[in-house]
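Comments concern the structure below.
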């Protein structure tokens, strides 16, 4: 067997299991020893990812294809940093509250970087570090949260099907249809039980 070519997405999207420390949320929070999570494992949890050309997002054919294929008609930008975001401290606190949405959350990092934390099937936190050029889609109904890393800056393109609804439902909201559908599709799905968290 020849060596397996490295997935180019790994340059802009990395994921690992988080430790339980309540130190600054902007630190990496690796476990000891570090426990990385593959992009395939993220896909098993319903999280999609791409590496795109962030310097040419206005003319990028690949982005155009993704938007057409997935029906992402709406697009805007969100800059998160102390200078650009009104009520920065309060917003960052809200983003870091564990929540779900009843629609997909699509974020394409065109500058800077940040952490999207999400729950695995055993309710352990996985930290997903998205850097310039990385795009991720979190499925409707997955519990997650967001924070900046220690660089304190991200500029993200937000995409949406139709008119955007950004309503966060803070945990617990297990009765919502989106949550039930997520559990059915990705937590109790065929073969889901094989993906046992090694640290459990």
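Placement of Cβ uses the backbone N, Cα and C atoms for every residue, glycine included.
Annotation source TrEMBL lists Fe(2+) binding site at 99, 101, 105, 144. Around residue 105 (Fe(2+) binding site), a 10 Å sphere centred on its CB holds 23 further CB atoms from the protein chains shown.
According to TrEMBL, the feature Ni(2+) binding site maps to 99, 101, 105, 144. Remark: residue 99 (Fe(2+) binding site) has 143, 144, 145, 168, 169, 170, 171, 173 as non-local neighbours, by Cβ distance under 8 Å and separation of at least 6 in sequence.
Of the chain residues outside the Fe(2+) site list 99, 101, 105, 144, 100, 138, 142, 143, 145, 168 have their Cβ within 8 Å of the site's Cβ mean position. Counting only same-chain residues at least 6 apart in sequence, those with a Cβ under 8 Å from the Cβ of residue 101 (Fe(2+) binding site) are 138, 140, 141, 165, 166, 167, 168, 169, 178.
Other C-beta atoms found within 10 angstroms of the C-beta of residue 144 (Fe(2+) binding site) number 22, with every protein chain shown included.
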